[in-house]
Amino acid sequence: MDKQTLLAVLQVLKKYNLKDTELLLKKEAHVTEDEVKAEPSASGVTDVLAAYKSEGDPRRYESFYSSLKNFIEKSLDIHKCELSMVLYPVFVHMYLELVYNHHEQQAIQFFYKFSADQEWYYQEDLVQLATVTKAEHMAGNQLLDNFKGSKFTIRMSRDSYNHLKRHLLEQKLNILLTIIQDHLFIDVFDGVPRTKQQIDATAGGMCGEARREANKTKVLYGLLKEPEINITVEDEDEGQETDDKPKKKKAKKDSQLNKKQKHDPNAPQLTRIPLPEMTDQMKLEKARAFKEGLRRINLSAETLPSICFYTLLNSYHGVTSVDFCEDSSLMAAGFADSQIRVWTMTPNKLRAIKTSDDLNIIDKEADDVYERLMDDRTSVDCRLLCGHSGAVYATSFTPDRTQMVSCSEDGTIRLWSLLTWSNLVCYKGHNFPVWDVHFSPLGHYFVSCGHDRTARVWSTDHFQPLRIFSGHVADVDTVQFHPNCNYIATGSSDRTVCLWDLLNGNCVRVMTGHKAPIYSLIFSPCGRYLASAGADKNVLIWDLANGDLISQLKGHKDTIFSLCFSRGGALLASGGLDNIVRLWNFSKLLEDHENESTVFVFFFYRNESSAYEIMSYPTKSTPILSLHFTRRNLLLATGPFKGNS
């Protein structure tokens, strides 16, 4: 926190008579009473904006910026790429200084003279900045809030930094020097200056690049040790009839279910966070998943999956989200009219639980008690759930398919029972629309994110959030639970991907490189890698061990809304508004990455993403909203048919 902001905070504490907090902050920040008194009292917004107060001649701003630009253009090629990253934040802050000091005409002239020179991925931000032409417009502007609230981060080699600093001091460019010192954070490193490809790989964030110290914490990305499942399963092969007489189905314990796993040094302890106790139903699901996994097709570039596409008709402007349950037996779709529809994807119908009178007469000790609870008279193929008062933006099933959560434009999250087909709980905590929600792989916990720039972790037995993750400077558009349940990943309109520790709420990874909002995230089955995609039409692959970008997959022509790894992680599927499902060879990508000695962003100039694209599957006129690999590696895809419009 800079001194100007610190004094503003102390003024607010003094105004509201929070003496203890004020004294503690003064002590920790080593601020004297005289310094506080010397700071004029004003509103919080004015205090922060006062950093833009300048007595400089407005006519010199153009010449100073032109001087900086000319200096960078004449610099050696080895320094030019790094130094050019300073131009955008300096341009923005010089413009805001002119506006704040009521030099409107000079500000407009300055903006239109140099705005076209900025990088293409900042042009959308500059359109928003162009609306700020008077000091009164500065309050409440999101882009301005980001620039005044945090320093713009730029990674730069020590040689390039010294070259820049020497020029500013020798030419006495005080305005530029002040802006760089007050509003920029130059993350200086020792080594060779970065190339244009390396800079473009990590540039694009609203607040610049991720600081190196943000990715120093060790991430326990390994998978949890599977609990022992002592459960009886039926072997279907032994139940087949012969010519002589039918064989009885022989129940036996599956020894493979209880094979001891090797200890993973990167896996967290089972007791690191409180995990829900595994119910009998969950154990049964684990056993079923394992048995189906034995019959799974091992996919590769030579063995591609079959694709089953579900098209939603007469719903192009109505469908807002689609989701499949883990075992692929249910599909839920959220609609703009606030309704949710749940379909069965198997011959088994959707049944409701019996009435209380009927439940009193069933044998609760029977082995098939679950079947006895369900009322066959209520069997249908589709169920309608009503309760939200705005568009439903996401749904997520529990692993045992007994419950589902949904989030909506109305700012609420609702927990639904799939036994009674009714709303159980309405969670209120977000102040604005909630964009995404996901259950953890073990159930019990779920995570949400929204327009209020936060992500929140909830549990089904509490109506208040257990953790609030705050740090993004724009909408948090998508969220995903890590396979080991100890971390969550968030993707935001500020063009950053963050990884958060569920134990303490800390941000342990900040990854920059996207040039537009991020709408989809997916962890690899092994837990080490994270794929992200969004409006910039690219799929980025991150290594969570160090936070590095290892590949950028290009090919889509429009926004990407869905990503999914195959079971086993050999392939990655992506789909979006360009009406195409693309398959990428993820196992080959990792093999090339591990064999390459230079691991930093080598794909951008050593390999093309087309080398990893295996196949593309276009639809007739249907954007892809959801992708899902079944337990046997059949790829399910779905979207609304949009016709010829």
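Cβ atoms here come from the backbone N, Cα and C positions, even for glycine.
Annotation comment: TrEMBL describes 55-184 as domain 'TFIID subunit TAF5 NTD2'. For the domain 'TFIID subunit TAF5 NTD2' (55-184), the model's average pLDDT works out to 90.
The region 'Disordered' annotation in TrEMBL covers 232-275.
Positions annotated as repeat 'WD' by TrEMBL: 312-353 (among others).
Per TrEMBL, the feature repeat 'WD' maps to 385-418 (among others). Taking Cβ pairs closer than 8 Å, the repeat 'WD' (385-418) reaches residues 279, 281-282, 285, 320-321, 323-327, 329-330, 332-342, 424-439, 441-443, 446, 448, 450, 458, 460 in its own chain, all 6 or more past its ends.
If you look at the repeat 'WD' (427-468), the same-chain residues 6 or more away from its ends with a CB under 8 A from one of its CBs are 275-276, 278, 282, 390, 393-400, 403, 405-415, 474-481, 483, 485, 488, 490, 492, 500, 502, 505. Residues or ranges marked as repeat 'WD' in TrEMBL: 427-468 (among others).
Here the repeat 'WD' (469-510) has long-range neighbours at 142, 145-146, 149-150, 204-207, 210-211, 214-215, 217, 219-224, 267-268, 272-273, 275, 435-442, 445, 447-451, 453-457, 516-523, 525, 527, 530, 532, 534, 540, 542, 544, 547, meaning same-chain residues at least 6 beyond its ends whose C-beta is under 8 angstroms from one of its own. Annotation comment: TrEMBL describes 469-510 (among others) as repeat 'WD'.
Under the heading repeat 'WD', TrEMBL lists 511-552 (among others). Outside the repeat 'WD' (511-552), and at least 6 residues removed from its termini, the chain residues within Cβ reach (under 8 Å) are 120-121, 124, 201-205, 208-210, 214-215, 219, 221-223, 266, 474-475, 477-480, 482-484, 489-493, 495-499, 558-565, 567-569, 572, 574, 576, 578, 584, 586, 589-590, 593, 599-601, 603-604, 609, 612.
Per TrEMBL, the feature repeat 'WD' maps to 553-587 (among others).
Long-range contacts of the repeat 'WD' (312-353) within the same chain, counting only residues at least 6 positions beyond its ends with a Cβ under 8 Å from a Cβ of the stretch, are 285, 288-289, 359, 373-376, 378-397, 399, 401, 404, 406, 408, 410, 416, 418-421, 625-626, 628, 630-631, 634, 636, 638-643, 645.
Applying DSSP to the repeat 'WD' (553-587) sorts its residues as follows: 2 helix, 20 strand, 13 coil.
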